[in-house]
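Undergrad: The structure's right below; bear with me while I get my questions together.
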């Protein structure tokens with residue numbers, strides 16, 4: 001029972017360390033306004049490219065993607081933050097497994113990211129006059145939880161690669177641009193070459209964005225449940241890969257004393 005209490009205490013500590021919700025002004029300026037502004041920007045671009053009838057479809061994809069960046073990079077830079085504050089060596093040397101600390105921070109990031117997505121989409125819907133039916137809203141909330149989970153899991157893997165590289169900004173910018181291009185948030189994936197279409201299936205949020213676009217059009221894809229299950233399985237796969245990589249890196253760090261493995 002003590003381990004369970006300790007796990008939830010770590011979730012609270014991670015929330016207090018990373019979350020800006022305690023200061024609503026800072027939260028609005030740094031966590032809420034940027035994704036809303038970017039969503040409105042892409043919505044304006046979609047208005048002139050695809051026409052007014054297609055704005056909702058492309059707006060929801062970008063809203064889901066941009067809001068998930070907080071979840072993705074919040075987890076992805078967790079180990080980097082530990083190293084920056086000088087606590088990574090203490091974390092490696094402690095009896096607590098790194099995976100346990102990391103999973104607790106993931107749950108904290110999932111909570112704050114979900115709140116940001118809900119608030120952001122509510123404001124964008126009010127600004128653009130978008131209405132939601134009860135059924136579609138329920139499906140979207142389920143989709144939101146799955147998309148945030150797969151973003152967390154991908155960030156888990158990303159954290160391992162950030163720890164072995166000194167080019168952190170390069171990795172983060174590269175990943176963000178790949179997601180903007182190859183997840184179908186800005187243009188149809190059918191226009192990509194066949195080889196690249198296969199690559200998009202390995203990325204997080206590709207299926208979530210496709211489902212979200214169907215929700216905004218008022219009809220879900222025929223294979224909606226299959227896409228949702230595939231997205232969840234992809235998140236579990238990323239979580240397993242990240243756990244294995246982090247276990248290997250932790251053991252090597254304990255033996256060599258080289259935390260960055262460079």
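Each residue, glycine too, has its Cβ placed from N, Cα and C.
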Undergrad: Looking at the ranges 3-26, 27-50, which is given as transmembrane segment in TrEMBL?
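TA: Here TrEMBL associates transmembrane segment with the stretch 27-50.
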Undergrad: Among 27-50, 62-80, 232-249, which stretch has the highest count of C-beta pairs below 8 Å with the transmembrane segment (170-189)?
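TA: Highest pair count goes to 62-80.
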Undergrad: Using a Cβ distance cut-off of under 8 Å, indicate which of 27-50, 62-80, 232-249 has the most pairs with the transmembrane segment (136-163).
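TA: Selected stretch: 62-80, with the most Cβ pairs under 8 Å.
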